[in-house]
There are 4 protein chains.
Amino acid sequence: MNDNFTEEITPLLIEWRRTLHQNPELGFMEYYTTYRIGKELEKLGFIIHVGVDALESASRMGVPDEPLLTEQENKALHWGVEESWMEKMRGGNTGVVAIWDAEKNGEHIGFRFDIDALPIKETDAKDHFPSNHGFRSQEDGVMHACGHDGHTAIGLGLAHFIAQYNDSLTGRYTLIFQPAEEGGRGAKAITDKGWLDEVDQFYTGHIGINPYPVGTIAATTRGFLASTKLNAHFKGVASHAGMKPEEGKNALLAAATAATQLYAIPRHSGGPTRINVGKMSAGSGRNIIPEASYLEIETRGETKEINRYVLEEAKRTLHAAAMMHDVEVMIDFVGETEEIECDDSLITTITEACQSSNYVTEVLPFAKVSGSEDASFMTNTVQNNGGKATYMLFGTELPYGHHHPAFDYQETVISVAVDAYIHILKGGMSHE
Amino acid sequence: MNDNFTEEITPLLIEWRRTLHQNPELGFMEYYTTYRIGKELEKLGFIIHVGVDALESASRMGVPDEPLLTEQENKALHWGVEESWMEKMRGGNTGVVAIWDAEKNGEHIGFRFDIDALPIKETDAKDHFPSNHGFRSQEDGVMHACGHDGHTAIGLGLAHFIAQYNDSLTGRYTLIFQPAEEGGRGAKAITDKGWLDEVDQFYTGHIGINPYPVGTIAATTRGFLASTKLNAHFKGVASHAGMKPEEGKNALLAAATAATQLYAIPRHSGGPTRINVGKMSAGSGRNIIPEASYLEIETRGETKEINRYVLEEAKRTLHAAAMMHDVEVMIDFVGETEEIECDDSLITTITEACQSSNYVTEVLPFAKVSGSEDASFMTNTVQNNGGKATYMLFGTELPYGHHHPAFDYQETVISVAVDAYIHILKGGMSHE
Amino acid sequence: MNDNFTEEITPLLIEWRRTLHQNPELGFMEYYTTYRIGKELEKLGFIIHVGVDALESASRMGVPDEPLLTEQENKALHWGVEESWMEKMRGGNTGVVAIWDAEKNGEHIGFRFDIDALPIKETDAKDHFPSNHGFRSQEDGVMHACGHDGHTAIGLGLAHFIAQYNDSLTGRYTLIFQPAEEGGRGAKAITDKGWLDEVDQFYTGHIGINPYPVGTIAATTRGFLASTKLNAHFKGVASHAGMKPEEGKNALLAAATAATQLYAIPRHSGGPTRINVGKMSAGSGRNIIPEASYLEIETRGETKEINRYVLEEAKRTLHAAAMMHDVEVMIDFVGETEEIECDDSLITTITEACQSSNYVTEVLPFAKVSGSEDASFMTNTVQNNGGKATYMLFGTELPYGHHHPAFDYQETVISVAVDAYIHILKGGMSHE
Amino acid sequence: MNDNFTEEITPLLIEWRRTLHQNPELGFMEYYTTYRIGKELEKLGFIIHVGVDALESASRMGVPDEPLLTEQENKALHWGVEESWMEKMRGGNTGVVAIWDAEKNGEHIGFRFDIDALPIKETDAKDHFPSNHGFRSQEDGVMHACGHDGHTAIGLGLAHFIAQYNDSLTGRYTLIFQPAEEGGRGAKAITDKGWLDEVDQFYTGHIGINPYPVGTIAATTRGFLASTKLNAHFKGVASHAGMKPEEGKNALLAAATAATQLYAIPRHSGGPTRINVGKMSAGSGRNIIPEASYLEIETRGETKEINRYVLEEAKRTLHAAAMMHDVEVMIDFVGETEEIECDDSLITTITEACQSSNYVTEVLPFAKVSGSEDASFMTNTVQNNGGKATYMLFGTELPYGHHHPAFDYQETVISVAVDAYIHILKGGMSHE
């Protein structure tokens, strides 16, 4: 095998990353992003499944409203997305699943790359690398502030390797370019389509998270919590607060009652739990009994079962708060993640495979993380079907942290990740 | 007519008052009190209806528990109540309704006297009149601290007048000796039996309340609020707070949530409302999630409708608080009163009738009061059937206020009230 | 006197009303409105006091933020307001007080007209009178939706009468064109300047409110509640809800706790109270412990003292809610009104004076209203200094109600009001 | 050494246990218990420190009220406690610390035995061992329901061993007979006196807790949480809820608000926390705004620091709830424990030492427990000063669980514990 692959493809990795960074798209609206990824994979000879063929449409969570979708669809068409592609994506069905069969017996290996951006206005500070290198976001208020532009580039780099080195490969490869990771909205829809059911090894991961130096990677992670994201809409009856206080049904009070009570959900002896009401809005005018209110909520638990406990308590609390103030409540589930328990056996696999990498300088057995990841649906499905799965980290300095308007990372981490993945592939094959 | 009647009966009035004071009985347990009243009325020639014949048993509210009833029944039997009388009263069916027909055409006039005592330990202070005159309560923790001993004496005095002056009377007289006025528990049961349905004029009242001098009476009152008294029992599941916090169903929190929310029931534009949680108890030990809790609640409103509004809000709040903490709630209705709107036309009737009284020195057209009175069920029934009704006050100094362990009043107010009532009777007749 | 004055000035009244309607300005930003009123009054010979000369700048409440003020000032200058006038108004000091001395002994009579518009987008429905008569608001999102355009026209009409009939007048006239009535923000600043201190009779009022037919007026009103409008800003500390829940200071919870507790402020036995939290917003993202929150609150009471009680309870509640969640709270007082108790003696004055009016067809002795009015500061000051004051209503049909995007009224009510006021003036003089 | 010591002393151990069981005394009122322990130790030749000489009086928590103390003191005097002893104990200063110096160089070893009983009425069921063996509690409502009678017997047995085998011992021995372990009230006062400051090895433990068979012991325990026990008394102002709602200061609402808010104290990322309000009472009568209320609270945290976090949040919450309802709050700290982290190195020490015991059949390296123990103050002080400490368990069947009216244990566990301790002593010495 040509050990210079990573070095040679690096300029392309950077070019992909930068053009993606310039054209960020929000979750379930990655029309142009999907199109560009898909065209590249098609060119390489992958069998691709796009949009409604890639995901189970009904399993998506937190799909944007119709007008927003339409606006972005029109924009994407204007940018050159072909109508035949748009047909498969229209209505927020984005993402690509690419299949490669090496036509020699071997394991089925899956990879996942998330492709969506965030509703953040990118800084125009002079010392911001994308700004002073000419690839700052061109979409106002949308930004690749979590590194998914890099993840996508990694996936494309890996695809090139597979296509180029087919002859020396065995088994089957499934490359998932997943929409709407932010908010835990997209992975379940991909998973429900069955792509992970027969995968023997599954790899995914994130650049950054912990600020390791470039070259350091973590073979596994510990600490992703199961979580559910939900919104509650309370609907009451407005009334003049001075003249007819008894005729109002106070939606603000229902939301306020719910908020204070949600934090009082009892602790669980089985492990940590979390609850947060991150946002609230209610009411229209000072002297009107508020007719409507809105809460953004997140539950977490160490395991899916513990999160389920918090969630069930939260649902009852919301309904009781509505009953308390005689209003109605509608609950939207807009995101969900499970816990991730990486297979420790992959620590050795990865560590040994990467020993010959020129890019990976150190493999940590595990990294402590927190927060939530919807790749958990994939890792758990793989493991439930007898496969092995891990969630890796790829080190880079992080001057500003994820989701910050000035978020940035060292671009060489992209090459490190590609090189790690192809060494894992090669390592896996050398086991044959 | 003999104008010296009141003067002549005064010693008897005082004797009655004092023996009643010495033997106080709580609401729905006035077995001995009922027996003594009934025997006296029977002797005078009244047709009497006792216990289950006097009230609608199922309409009683806040009936004491069985063991308490039994204990008091045995005590009453021991004190000499005849078994034939006890048969009609057993199980908390106390009170007497006495009918007198003057056998000459005339109006049907009703009077009501309440006869129950309070769960208060009477002071043994040397300067307390009942103490230093030898008629302090002989029942530990039970006391006539609201003057119903006087009310009963007034009723007996009036009965004597009616029996004695039958020849100069016309019409029909219904004298109600009502149990369980405290807590608004007894009047509805009497009323539901139908005694008030054909009454043309209805008089009741209270000694004291406002501290007018003896001799001053008020022909009507304004301000009694409709009210409902209820108890809420929450039942959850205990659990060790340290080891299994998630297994508890917290009845203390349900009660606390209910309490804070009850006070937030919206104001009503139609008139004043009130809500109070007067008592709360919950839990067993510091490290146990509380399994049970208890609230004593009172709602009030300017009218029956407004009180109903508060009550409905309160009920929903209690159920929602239970739902919030996944516990059960049982609500007991233990008392109820309606608003009282006295007939202004009786102001003239009373004022004129009392002009010739040697006891009544001044008739106020109305007195402002607050609080609640279950005589309201009677006044409203009379008025709904076309009759007239009033609630009067009979002045006395009040050094300590009603329901105080040292409550006392000037005994001459009893004679004033008797004389007012018989002048009203005579006045009514002179109108014929 | 020429009894045709009102008829003759009616076209002018309508013209004024319509141009004012087309150019609405929000409270404390009535720069152009003030200028136009002031120029007209100056022309008539009134001594005028503009802006900082008309009001006590520090007594204003709820003054808009600097950038908003500047924007509107520039607009007004562009529209032709002279710089010498702007100097007196800059920074939100709007309004005019106009003085006329008839130079013959007589009473000092005050009138008040409010001049501000509302932040409401006027309907463009075809059947909306201002739309189909070409004088719909030209300011997007600003509308005279409460009739203050009419009030201003009434004031100008009355000014014309005074100037024209000076010879037949006695005493002194103070005409107040008050800014920022909406939200109860402007009257106190005018009052604090002392204009009302020596007024013998004070008249103000409103067109509409109750839907009486045109021609019907009410001499007095009953029911305006004292009120205070306040905003609370809570400031806590953000933290990642999953990773560091213990490091957050939750401003959302502080606001929610405050809201639920504010409604539980105890009822007052002295008279009705009201409390409302009309608006709440808090938080930034689902998984962030909310750093900031905001409440819009209104307290009311039957009297200034009762409102003060509610307000003090509300302030303590807000501070306690902040303490509860370890955050800071800043309270802005953005509006205040007192109760209005009209002088009943003016009922006769007004009724008799208007008997000879061709426009006033019926004078109701009083109208029941609710809500709040900052003219209360003026009526109370006049009365505290020995004068008499009233708040009148001038009937008109009201198809949509005040503050509605399609609010409108019958323009002839303007003439009715002018005619009522000038008859009151004439009536007052004929008493001499 | 005589290996038959334990066998020979067993009848005495059982006699002590049973007489103690018959005469149980509550925490800080163990006057007679202290006297009996002290007399026995004095007889054996120990230097003893009693009452105020044994503990730091001001460091005691949750001391019973004066009248209760006096009553028990009189009872103890009546039972034969000498006045000279009572002088040192009066006012709730109970417990004994006994010192033995072997007068040969060696380690300083400390032991602690807790001696108090519980406010529980012992069952008189026929199948209850103490009942059918004639040593049921003679104090109504007081019971050794947690095995401290056995603990005391173990301590006396160990003291006998030390006295008897002095010649073969080295170093110094401190035997602590601690009062008021229940509620975590006594250990801190003993510790603050300095007894643990120079101890090299510290042993304490509990019979039961986990239901191991007799003969099985655990060398260490894991899981005791740091905790604080506190009571909150709210004091407001009563008022008639119907007549003067605005004059009340509602202590019930303050307590209810505190309760609901306490459970909402944020989770801590550092480890588990707990909060519980185990008991609440408030108010006097249905129509009275409650003047007083009371809460029993417990905070817990994995470590002293995390518990401190919960406690500080709880304190602020209580004060804010008081401020919210304009009442006063007084907080009593009635108990405190720290976490216990046993020295793992003692696992080997104990396991090896007990290999030659005829009583100990199995040594578990550690037992998982929960709940709280105030011996933590002692273990932490020893460890902070460079010593080693452990908290052991001594197995016994537990048909009813601790604190149950029918609690009982297998008496042979006492001999097992004595034999374990003396083997540890001998093992320690054989190390020299």
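Here the Cβ of each residue, glycine as well, is placed from N, Cα and C on the backbone.
Bear in mind that TrEMBL entries carry predicted annotations, made automatically and left uncurated.
From a predicted model like this one, the values you see are computed outputs, not experimental measurements.
Mn(2+) binds D:CYS146, D:HIS148, D:GLU182, D:HIS403 as TrEMBL records it, and from the list D:HIS108, D:HIS206, D:HIS233, D:HIS423 the residue named for this site is D:HIS206. Spatially close to D:HIS148 (Mn(2+) binding site) yet at least six residues away along the chain are D:PHE113, D:ASP114, D:ILE115, D:ASP116, D:ALA117, D:GLU181, judged by Cβ distances under 8 angstroms.
Taking the centre of the Cβ atoms of D:CYS146, D:HIS148, D:GLU182, D:HIS206, D:HIS403 as the Mn(2+) site, the nearby residues of that chain (Cβ within 8 Å, site residues left out) are D:ASP114, D:ASP116, D:LEU118, D:HIS144, D:ALA145, D:GLY147, D:GLU181, D:HIS402. Comparing the binding-site residues D:HIS206, D:HIS403 on other C-beta atoms within 10 angstroms of each C-beta gives the minimum for D:HIS403. Reduced to three states, the DSSP call for D:HIS206 (Mn(2+) binding site) is strand. Reduced to three states, the DSSP call for D:HIS403 (Mn(2+) binding site) is coil.
Its Cβ placed at the centre, D:CYS146 (Mn(2+) binding site) has 24 other Cβ atoms within 10 Å. Cβ environment of D:GLU182 (Mn(2+) binding site): D:GLY27, D:ASP116, D:LEU118, D:CYS146 lie under 8 Å away, each six or more residues apart in the same chain.
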